[in-house]
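Look at Swiss-Prot and you will find K10, K23, K36, K164, K185, K221, K228, K278 (among others) tagged as N6-acetyllysine. Under the heading N6-succinyllysine, Swiss-Prot lists K10 (among others), citing similarity to another entry as support. Residues or ranges marked as active site, charge relay system in Swiss-Prot (evidence: similarity to another entry): K23, T68, H264. Feature annotation from Swiss-Prot assigns phosphoserine to S39, S63, S232; the stated evidence is similarity to another entry. Per Swiss-Prot, urate binding site is recorded for T68, D69, F170, R187, V235, Q236, N262.
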Amino acid sequence: MAHYRNDYKKNDEVEFVRTGYGKDMIKVLHIQRDGKYHSIKEVATSVQLTLSSKKDYLHGDNSDVIPTDTIKNTVNVLAKFKGIKSIETFAVTICEHFLSSFKHVIRAQVYVEEVPWKRFEKNGVKHVHAFIYTPTGTHFCEVEQIRNGPPVIHSGIKDLKVLKTTQSGFEGFIKDQFTTLPEVKDRCFATQVYCKWRYHQGRDVDFEATWDTVRSIVLQKFAGPYDKGEYSPSVQKTLYDIQVLTLGQVPEIEDMEISLPNIHYLNIDMSKMGLINKEEVLLPLDNPYGRITGTVKRKLTSRL
């Protein structure tokens, strides 16, 4: 029978690995009005702070704790006075505020996710104040800064759903007694892209333009030329091609992580009804699904 001790009020046998607290999902819509022309940024922000002391954990002493409600209010006020030019600059502003305002804050971490609003446009004319929700990839960022250190900035894309109906296959894989999957030269390829990249600390970055560039590269390597496509022998190859092209075209990026679920569409068997279904009617299969991941970084020699 296990025996449990009750004398952990002051214990020398355990130590903290990491601590933090904060406020998640602080939602803000910021409107910038330039006459009748309006611009918007809707974001959800999460903030985590690490303090120099642990007395709130050890003794229930809250004298160093910045209330999470104060953190929420601070984010709202910073949005008002600083605006949201990009979610990355907004996240850096939040980190710098808490580190400069409170000497006992030793680390600030901020996650910001942008709601994908797009301005109405018709025949090349942009509407002055109307927007449409366009879920074709969500822009997010993660910024971490420790006291006396530079901010480490990651940007990313998630929830970018793409599908092509041909120019994909999967052959030459290992087959054992449990393998039932047939080789296929032509199949549907569908995925929901998640990718995240880290910026070089010593470079000025146009975050909005860089995000647009990376998204365009992802779509380009997935789809290929518009008139004929591009063959993908595996999800892994497509993933790697995206990374190589991105680091080749965007010098501001140091490393890149991508996760691609392989979302299956299965041919529906209609033989019992006397019909031959030639990959015309498919069953979308939510799960289970394969998931392929990879992270690449620049070699040291490529930075010189």
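Keep in mind that glycine also has a Cβ here, set from the backbone N, Cα and C atoms.
Feature map: annotations from Swiss-Prot on the structure.
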residue : record                           : Cβ neighbours (10 Å)
K36     : N6-acetyllysine                  : 7
S63     : phosphoserine                    : 8
T68     : active site, charge relay system : 15
F170    : urate binding site               : 18
R187    : urate binding site               : 20
K221    : N6-acetyllysine                  : 20
K228    : N6-acetyllysine                  : 8
Q236    : urate binding site               : 13
N262    : urate binding site               : 15
K278    : N6-acetyllysine                  : 7
Under 8 Å by Cβ from V235 (urate binding site), counting only residues of that chain that are 6 or more apart:
F189, T191, L260, N262, G290, I292
Three states by DSSP: which one describes S39 (phosphoserine)?
strand
Just counting, how many other CB atoms are there within 10 A of the CB of D69 (urate binding site)?
9
Per 10 Å Cβ neighbour count, which of the modified residues S39, S232 ranks highest?
S232
Given a separation of at least six residues and a C-beta threshold under 8 Å, show me what packs close to H264 (active site, charge relay system) in the same chain.
A190, P284, L285, Y289
For R187 (urate binding site), which of these recorded positions sit within 10 Å, Cα to Cα: K23, T68, K164?
K164
To see if you understand the setup: which same-chain residues, six or more apart in sequence, place their Cβ under 8 Å from that of K164 (N6-acetyllysine)?
C188, F189, A190, F222, A223, G229
Using C-alpha atoms only, work out the spacing between S39 (phosphoserine) and D69 (urate binding site) and round it to an integer in Å.
28
